Amino acid sequence: MVFGFSKAIVLGFLFTAVQNWTNSTILKGKNLFFLLLFWALGRFSMYPLGFPAYLSFGLDISSDLMVIYLLIPKLMVPTQKHNRPIVFHYALFTIFHLLSGLSARSVLQPERTLLFVHLSIFVILFLILIIGGRVVPFFSGVVIPGYSFKRIPKLESAILYLPFVFYFFKLIQGFLAPNVFTNIDITNFNLVIGILIASFLISFSLFVTNSIRFLSWKPWKSYKKPILWILYMGYFWVCLGFLFYSLAELGYFPISSAIHSLTVGGIGVFIYGMITRVSLGHTGRSIVASRLTVFAYFIFNFAVMVRVFFPLMGEYKYAYHLSGTIWILTFLIFLLQYTKILFSPRPDGKPS
């Protein structure tokens with residue numbers, strides 16, 4: 001889900017956005033072929049196949065290195081200074097991906113596997129927030145008559161750079177946790193409290209900054225446009241997820257529910273909203289969600305509520321099974337609605 005599904009979708013968003021920002025074509029011909037090939041062959045790395053699994057993992061990492069190679073010439077230039085953090089985020093994603101794979105194979109300490117997987121998830125989330133910060137208000141301006149919003153430069157800078165502070169403290173927490181946090185005494189008490197408070201403040205800052213941004217976009221104006229409000233719902237789950245995550249840092253909320261608010265809610269809902277939109281827009285169709293797609297939007301958000309809140313009532317089994325079943329159903333609806341569209345020529349005859 002992290003290095004296969006989410007990575008592929010986010011790369012699609014990312015390269016589309018970068019090509020628009022730089023007015024250039026990056027993915028075509030051999031570049032596209034080898035990136036797809038390395039990613040596809042990398043999917044076998046999770047199976048216990050001995051050397052072939054290591055080879056598969058190497059190809060998966062190669063796809064990450066290829067992404068960085070393709071992005072650097074486009075974004076590490078003076079005119080793209082505001083987009084440079086994207087390269088830094090993806091470089092960290094590559095490192096966390098590599099470390100998670102080595103930890104899972106006991107080359108490194110296996111108990112750190114989940115730390116690196118979670119950090120990889122957060123990189124994907126922060127990349128989505130960067131892309132969402134550009135496209136959501138743009139889409140709103142296109143479809144909502146008289147729409148306007150006030151961009152807050154300092155807020156945007158905070159949202160862009162706070163994640164790097166977040167990564168730093170998550171790494172500190174992750175490397176100290178097995179020893180310091182389980183053996184608290186007078187000599188390390190101040191260190192433990194300091195790390196916990198810092199982690200809480202950073203997570204809470206992410207909640208505050210993203211919530212201000214979310215409200216500045218006037219999401220209530222999207223209620224008549226399902227294909228737009230679904231993106232706002234994804235962002236809403238991110239804001240709520242960071243609130244829950246900050247509380248989880250202090251032990252006041254289950255960490256699993258907080259993470260799934262950010263993943264199933266933030267990443268999942270936003271991805272679903274984007275793929276239903278771009279599948280219409282990039283194939284020359286009218287950008288209007290069908291009734292079946294709107295139904296999928298509602299049940300997808302219900303799946304998030306089930307996964308986040310049912311465990312709070314002790315219903316872990318139902319949370320896993322019901323939310324997972326609904327997730328599968330929503331993507332079956334997507335296949336039913338969009339397969340023909342994606343495999344058919346554009347009505348206007350243009351390339352898609």
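Just so you know, glycine gets a Cβ as well, placed from its N, Cα and C.
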Legend entry - Candidate ranges 33-51, 318-336 [criterion: TrEMBL lists as transmembrane segment]: 318-336
Inset, instruction - Taking the transmembrane segment (292-312) as the first stretch and the transmembrane segment (53-75) as the second, find out whether 3 or more Cβ pairs fall under 8 Å, excluding pairs closer than 6 in sequence. - result: no
Inset, instruction - Take the transmembrane segment (114-137) and find every residue of the same chain, 6 or more past its ends, with a Cβ under 8 Å from one of its Cβ atoms. - result: 2-3, 6-7, 10, 13-14, 17, 85-86, 89-90, 92-93, 96-97, 99-100, 103, 149, 151, 156, 159-160, 163, 166-167, 170-171, 174, 210, 213, 217, 231-232, 234-235, 238, 259, 262-263, 266-267, 270-271, 274
Inset, instruction - Determine which recorded stretch among 53-75, 87-108, 158-177, 189-215, 259-280 has the most C-beta pairs below 8 angstroms with the transmembrane segment (227-247). - result: 259-280
